[in-house]
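Peer 1: Take a look at the following structure, please.
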Amino acid sequence: MRSGQSSRTEPASLPWHPSGLVAGVDEAGRGPLAGPVMAAAVMLDERQPIMGLADSKKLTPARRASLFDEIRAKALCYSIAQASVQEIDALNILQATLLAMRRAVQGLRLRPALVLVDGNRLPRLDIPAQAIVKGDALQPAISAASILAKVQRDHWCVQVHAEFPQYGFAGHKGYGTAMHLAALRAHGACIHHRRSFAPVARSLPGACR
């Protein structure tokens, strides 16, 4: 696999690759104590521009939700994939994230000529790829991918909250807030918690606290 890394890329410099289409890839959910890590791959259509694309973390939930629908309606194609809690615990969070990214690219209906990935690590692909630090703020396709991954994971948290309301997943989205840590101490871990993460491991039966 040919690959490269860049810490700076002009936002409009790579909408199309000379030999074909470009896909942007990003993830959501590396830091939380529970749930899968999500990844999305997006190939934008320059004939249908989407205004306001940005790093998903800098957008309000309402704006993310609006863009989530617009991206899915206007993109040439997109794919959302995940790596499970079991895979995170077996592989570690970095390798599970790269696995989810690879699955997202493999799920695209069209084959890109170049894959732009947010961050400084690349998943194993059979397509030329470039890692771009802060790519979610620099490349519209990566911004779109970050929004799809974030909103999809937030949806998962809301659904799981109905099953396990005592943990408050709908509010903290799985992150290690004071409320979440208190719930872990009170109730122990549920099936969706990442047992390889230290705060969860400390809540398991027999763990030293």
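Glycine is treated like the rest: Cβ placed from N, Cα and C.
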Peer 1: Select one of Asp89, Asp118, Asp126: the residue that Swiss-Prot places in the divalent metal cation site alongside Asp26, Glu27.
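Peer 2: Record check against Swiss-Prot: divalent metal cation site with Asp26, Glu27, extra candidate from Asp89, Asp118, Asp126 is Asp118.
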Peer 1: Can you give the mean pLDDT for the domain 'RNase H type-2' (20-209), rounded to a whole number?
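Peer 2: Within the domain 'RNase H type-2' (20-209), the model's average pLDDT equals 96.
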Peer 1: Least buried of the binding-site residues Asp26, Glu27, Asp118, going by other Cβ atoms within 10 Å?
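Peer 2: Among the binding-site residues Asp26, Glu27, Asp118, the sparsest Cβ neighbourhood within 10 Å belongs to Asp118.
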